[in-house]
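Working notes for the structure below.
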């Protein structure tokens, strides 16, 4: 009897684990592929499928990831995404990637992905990377990466990257969502439309309302 109870308990734990893994990323595809039909007006959690008879090789392809992005901006970085918006065949496959170029001392400012974990590989250069754990600890976990190094940013945690070298840097990231989304902290807090009340932000950051207004003016 005890043996049977142990087996049942293990089976239950396995079933629960499978459920959690199922909902941890994008839903699994139920057919060979479901190429996104951007012209379909049906609203889904994802995109409606294009008729398989109309699918072409270009639906599975993206060109140009070898080209450096333009880092001539205040952040000194350029992001080239490869998501379902660029490759329609990524629809329902739960995966995407991104190339990021960094000028010397360029940064990817603090942000997070609401729907994906990110694994980043340094192709060229040296980077400082880090993420912050959730409340109440808010612990910064950071590391300096060199060419060939890999680092993981867990889903939903605020993270950043900075080129700490005097040469350009390049990274490639993989994300476990066809549409990982990105929420940049500064834009979300100070650049919302309409604005978050200056009273709320002044209390949140313990500063004068005039300072909040000055920062909001930059977004």
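Backbone N, Cα and C atoms are what each Cβ position is placed from, and that goes for glycine too.
Copied over from TrEMBL, here are the features:
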type: BINDING; residues: 111, 113, 118, 159; note: Mn(2+) binding site
type: DISULFID; residues: 34-49; note: disulfide bond
type: DOMAIN; residues: 63-213; note: domain 'Cupin type-1'
type: SIGNAL; residues: 1-19; note: signal peptide
- For residue 159 (Mn(2+) binding site), what residues in its own chain, 6 or more apart in sequence, show a Cβ-Cβ distance under 8 Å? 110, 111, 112, 118, 129, 130, 131, 132, 153
- Item | Other same-chain residues whose Cβ falls within 8 Å of the Cβ centroid of 111, 113, 118, 159, the recorded Mn(2+) site, in sequence order | 112, 116, 131, 153, 157, 158, 180, 182
- Enumerate same-chain residues with a sequence separation of six or more from residue 49 (disulfide bond) and a Cβ-Cβ distance below 8 A; give 'none' if the list is empty. 31, 34, 35, 36, 37, 91
- Query: Does anything in the same chain, at least 6 positions from residue 113 (Mn(2+) binding site), have a Cβ under 8 Å from its Cβ, and if so what?
  - Reply: 153, 155, 156, 175, 177, 180, 181, 182, 183
- Task: Grab the pLDDT values for the domain 'Cupin type-1' (63-213) and give me their mean, rounded.
- Result: 97
- Hey, which of the recorded positions 34, 111, 118 is the loneliest by Cβ count within 10 Å? 111
